[in-house]
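Not my notes, these are from TrEMBL:
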- 65-82: transmembrane segment (TRANSMEM)
- 94-112: transmembrane segment (TRANSMEM)
- 124-144: transmembrane segment (TRANSMEM)
- 156-174: transmembrane segment (TRANSMEM)
- 186-206: transmembrane segment (TRANSMEM)
Amino acid sequence: MNLFRFAGDMSHVVSIIVLILRLRVSKSAVGISIKTQELFLIVFVTRYLDLFTTFYSMYNSFMKVAYITATASIIYMIRFKEPYKSKYDKSQDSFLHVKFAVAPCAVLALFSCLIKRELNPIDLLWTFSIFLEALAIVPQLFVLQRYREVENLTGHYVFFLGAYRFLYILNWVYRSYYEPFYRHNWLVYVSGAIQTALYVDFFYYYMVSKYYGGKLTLPT
């Protein structure tokens, strides 16, 4: 465990807490993409299969189970529970996440594993999860772009989610230099960089809105 990983984990936890708080306070799922949550759930389930094969630590196992449980709970709230179900605007959350995220990432993961000659199912699903996480935020960014004016807690949620990924890139680099059995993984670096880059525009307008004390409004 290093500071970057711990800070990244806490940023991720805060993002989930803020999202749940936002839903409960507003009693509405307007401006929230359930498709982003579904993509993250697929990421966590396919990545954390090692829960059944390898024990690292109580902290590690707890965080993995917490991510899966919390994300599944958010999806349940928006899809099946009132008043969130009635106040979820499906027409604005229209990104075709299976067609343009899940399917391409599955093909890319298979191709990548074939090149490396690593067709172990767990390795294949882990690679798939790395690719998919890079695109998981895209449906949420599409929704924010369509509404333009971003509600305060929703803005905090996206900001902490982006900070989590940036901190994890630093964690991977740190580990490659200071942990003897950890090696550079360019697949992880590139996917993490792409994911972080998707947040750059949002980060800029988020920081500007906080500096001037105004509402977060995205450009058309």
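Here, residue 1 is simply the first one shown, and the rest follow in order.
From the backbone N, Cα and C atoms, a Cβ is placed for every residue, glycine too.
All TrEMBL annotations are machine predictions without curation.
Keep in mind that this is a model prediction, so the values were computed, not measured.
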Counting only CB pairs under 8 A, let me know which of 65-82, 94-112, 186-206 has the most with the transmembrane segment (124-144).
94-112
Any contact between the transmembrane segment (156-174) and the transmembrane segment (94-112), i.e. 3 or more CB pairs below 8 Å with pairs at least 6 residues apart?
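Contact criterion not met.
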